[in-house]
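Visitor: Okay, handing you the structure first.
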Amino acid sequence: MIVKRLFRTMAPVAKHFDYLVIGGGSGGVASSRRAASYGAKTLLIEGKALGGTCVNVGCVPKKVMWYASDLATRLTHAHEYGLAQNVPLSKESITFNWPEFKKKRDAYIHRLNGIYENNLKKEGVEVVFGWAKFNKDGNVEVTKHDNTTEVYSADRILVATGGKPVYPEKVPGFELGTDSDGFFRLEEQPKKVVVVGAGYIGIELAGVFHGLGSDSHLVIRGKTVLRKFDEIIQNTVTDYYVEEGINVHKETNVDKVEKDEKTGKLSVHLTNGQVLEDVDELIWTMGRRSLLGIGLENVGVKLNDKEQIITDEYQNTNVPNIYSLGDVSGRVELTPVAIAAGRKLSNRLFGPEQYRNDKLDYTNVPSVVFSHPEAGSIGLTEDEAIKQYGKDNIKVYTSKFTAMYYAMLEHKSPTRYKIICEGPNEKVVGLHIVGDSSAEILQGFGVAIKMGATKADFDNCVAIHPTSAEELVTMR
């Protein structure tokens, strides 16, 4: 018998569903579509635009901006490849039409929103736009965009509300800055920008701004960026950003922010005493927190000390027939992870018997950073491998070289690879790469590592020449 005790009807209910999904991001959309494909009567509720962070203010528009920035850099290489112009292109001579490009980018995202909605409808998912909240009856009350209210009940409910950016609210003047969401609302390219944060979001945005010609400043608390990644990635990206001319302010933080009301410019005061003057935009990229405020207390769903929904390996919360996944539950916060978890959850809940124990394996999840150059990682860092297996039980292979593309160029971009192996069979437990096309390279090697590949398996693969990736199967 399915949760009639929990979802009792004590308020007028518009409709009852087999499955109700709160949040139309990557995980919610994937789970609702999969459930509907099995015949479940499914409702998806979204407060803003379909696709969530990834499609609207994350992966997709960010990658579009990265392409523009990367192309701007490569255009300056043209004359070194024999492509003559009257005036050789340089970062100073290239102009980027930010407002016009923003229109094209936003139109592309709008098309994707429509594709998401059409795909949901094709699968038979009902979509309601509005803000959902559990009421004290255990049902879901939705305030729609026209300010009308509907109440829905369901046998099973998924919470996939995602996350939102964190602000340093104790810093005087913090509100003068924006966040990574606000980056996509900028109508003009800032001449001078300060990005605060050493995580992948800050690194990507600082790189984009620099590539497009902005005077870019990056403020980090430690000595390196990307501190959750292996040291080969931390050191290579940090050093190259400095070499490229990004102003990396290390071992400091923002003390206060002031605004000149006449010019609109900001003064960003750092804790090391330095003041960054005439700043056009300040962007906080200090992490994200779960997007809550949906009445979880009314149904008793428990949170951890980071205010993330606690789930087990099957995405179950502590309340029967309420589930959670994606950023709001604090697991691996990546779009493909949420999609995979959402599909597996619906397989288990609504699919055939063979999927009754379906769950996502959160180990060996590949991730990339669209820095300049790109970085990719899967498995354990070297420090993690030492802690897990002991230093004497691991072997580390590294390679440092210049990709062929840069052989014709005076200014070289680094390529660094590291393979971490464990035990006498040298099972590959970690792979960390920095260099052009790292994201594309890592996808294939991710399959191999997920299957338990050893160093011998890598060695037995015939190399593709000439490529950078061949180094991974010829490394000694």
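Placement of Cβ uses the backbone N, Cα and C atoms for every residue, glycine included.
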Visitor: Have a look through G273, G287, G423 and flag the one Swiss-Prot assigns to the NADP(+) site that A198, I201, E204, R221, R227, E333, V368 belong to.
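Guide: When Swiss-Prot describes the NADP(+) site, the candidate it includes is G287.
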Visitor: Going by Cα-Cα distance, pick out whichever of the recorded positions C59, Y116, E204 is nearest to E46 (FAD binding site).
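Guide: Closest by Cα: Y116.
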Visitor: Return only the integer: C-alpha distance in Å from H465 (active site, proton acceptor) to K418 (glutathione binding site).
Guide: 19
Visitor: Validating a neighbour-count step here. Other CB atoms within 10 A of the CB of R343 (glutathione binding site): how many?
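Guide: Other Cβ atoms found within 10 Å: 21.
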Visitor: What is the maximum Cα to Cα distance, in Å and rounded to a whole number, among the residues A198, I201, E204, R221, R227, G287, E333, V368 annotated as binding NADP(+)?
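Guide: Largest Cα to Cα distance for the NADP(+)-binding set is 22 Å.
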Visitor: Between the Cα atoms of R227 (NADP(+) binding site) and R343 (glutathione binding site), find the distance and write it as a whole number of Å.
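Guide: One finds 31 Å between the Cα atoms of these residues.
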Visitor: Show which residues of the chain containing K418 (glutathione binding site), separated from it by at least 6 in sequence, have their CB under 8 Å from its CB.
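Guide: In sequence order, D230, I232, E382, V396, Y397, T398, S399, G430, L431, H432, I433 meet the Cβ cut-off.
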Visitor: Compare the C-alpha of R33 (glutathione binding site) with the C-alpha of each of the recorded positions S26, C54, C59, I201, and give the closest one.
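Guide: Answer for the nearest of the recorded positions: S26.
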Visitor: Cα distance, I201 (NADP(+) binding site) to R343 (glutathione binding site), nearest Å?
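Guide: Given the Cα positions, R343 (glutathione binding site) is 26 Å from I201 (NADP(+) binding site).
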